Amino acid sequence: MEKREDLKSILPFLPLKLRSSSLSWPPPVVEALNSLSQGPLHSNVDSGEVLFVAISDIRSSLSLPNSSIAYSASHGFALFFDDLLPRAAAAKWFGVVVPYLATLLLKFPSLLETHYESADGGVLRGVKTGLRLLESQESGIIFLSQELIGALLACALFCLFPTNNRGAKRLPMINFDHLFACLHDHYEEVENKLKCIVHYFGRICSSMPRSYVSFERKVLSLECTPSCIPYPKEKNWSQSNISLCHIEITVSGLIEDQSREAIEVDFANMYLGGGALVRGCVQEEIRFMINPELIAGMLFLPCMTDNEAVEIVGTERFSSYTGYASSFRFNGDYVDKKDMDILGRRKTRIVAIDALCSPGKSQYRLECLLREINKAFCGFMDQFKCHQYQQFLKDDGLLGLQHDQNVKDSGGRSIVNLLVGYPVCQSLGHTSTSSQETEETSENQLIRNHEGHSHQPLNNQQEIGVVTGNWGCGAFWGDPQLKAMLQWIAASQALRPFILYCTFGLEALQMLDQVTQWIVSHQWNSGMCWWNTHLRDRGEKPE
């Protein structure tokens, strides 16, 4: 075990010790966990206040400093388990769940050793899948069993992960102490987030799931190498003749409730999970509460840079909910009926991509447009189509013709009018017979016929589309009309067969369905949409 580079990279961030080629807890920790595992009659842990004392004793045995735990965490444990949690639920928690979690923690060293024994020759032969620090700019994948994830989250609940070097490695917080500390300020949404977490632990206590979850860092290479997908440049987008994928617009429904096979976009923070373990309670944080196994990625995934995304496949959903932000409420059990793939993962594919925060007018500049569309493309790309992407991005001869920056619609106005929210012309969906448009239509047809790349099925992944919405348009203050177009183009360039866009009833997108219909009826491709979206950067004004 001591020779494993993957273990060496993550061991400083784990509470375990490596002795004589074996992972283990220090003896005082084993003693304390044994006591907890025998129930409250033996351990006397029958309240949130006493539970926190027991946790503090275990932390002391691990030489974790008191200064590294959030102020008011002790009050939060007492408040939640002794006052907010219903008495019957609290009795089950201390009588059944806490002893089970202590037993799971006792198994943690052996679970981790078994994980490493099977990592090299397991689900993906020849590919490293062991738990490790998956550094920035290091593309790679980690496969974890749901049981091992349960043990990792039990460590987080008991605040047992060392924190002293996490900041230096740009890792998000992982212990739950700050989440409990937020209760002291009477944040009702935090109470309901904790109810989701407690429900998760109760579920795995009654029946431990036996599937797998993968965590993958996806990277667009900043250097051209044969085995990597390069970071697209402006000309790659403006010259692309990739057909736009099918787009559907829905004003109601939630990303996580869609039944079609698709990657589901997490409107992420650059630090995976964002405010999930503090008071944050918007799209990303809610997803991490109803699918708590996502939290495990916060242990080993440093923050994303502009050319990176994180894809997580296989997490199980455990909770139902209502509301959003301050109105968020836990709403009981959820039975996840997603099918399994051939690697033993649920067919739930979540892609975390972080948008620019409060970009203001700069979001219309070329460098910001490129950053956002490449971030989305990185998240949406399918590794099975790596060779196709490389061809698109290096072979300029097949990327299509340069498009006229002043291409007009049938009313003689630039398409940018539609993108920035100006009224759609009355002739929406109808074509003109002017000589100018006939010439343009002929050119566009030539581009489509010039050995163009279309959505040809390569493998059984061709039906996996994208489900997304107003990415970076809430707390991050992005332009929803712009983000909708960039995501559509990126999904098309990634050869996804469809994109389902949830507007959540946002007024700024009430014309989105009509605009996309207009674009489709005029047979625009990805390059055309990109070119005319980029008109904003040059200060073009609607005519």
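Placed from the backbone N, Cα and C atoms, the Cβ positions cover glycine too.
Residues or ranges marked as domain 'PARG helical' by TrEMBL: 87-217.
Positions annotated as domain 'PARG catalytic Macro' by TrEMBL: 235-510.
For ASP266 (active site), the count of additional Cβ atoms within 10 Å of its Cβ stands at 29 [all protein chains shown]. Residues or ranges marked as active site in TrEMBL: ASP266 (among others).
Here TYR324 (substrate binding site) comes close to CYS281, VAL282, ILE286: these same-chain residues lie at least six apart in sequence, with C-beta atoms under 8 angstroms from its C-beta. As annotated by TrEMBL, substrate binding site applies to ASN269, GLN283, TYR324.
Look at TrEMBL and you will find GLU284 (among others) tagged as active site. In sequence order, ASP266, PHE267, ALA268, ASN269, GLY273, GLY274, ALA276, ALA352 are the residues near GLU284 (active site), counting only same-chain partners six or more apart with C-beta under 8 A.
According to TrEMBL, the feature active site maps to GLU285 (among others). Note on GLU285 (active site): other Cβ atoms within 10 Å of its Cβ, all shown chains, come to 21.
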Which residues does GLN283 (substrate binding site) neighbour through Cβ under 8 Å, counting only same-chain ones at least six apart?
ILE255, ASP266, PHE267, GLY469, GLY474
What are the DSSP helix/strand/coil residue counts across the domain 'PARG helical' (87-217)?
73 helix, 12 strand, 46 coil
Max Cα distance spanning ASN269, GLN283, TYR324 (substrate binders), Å?
17
When the pLDDT values for the domain 'PARG catalytic Macro' (235-510) are averaged, what is the result?
80
Tell me the Cβ neighbour count for ASN269 (substrate binding site), meaning other Cβ atoms within 10 Å of its Cβ, over all protein chains shown.
22
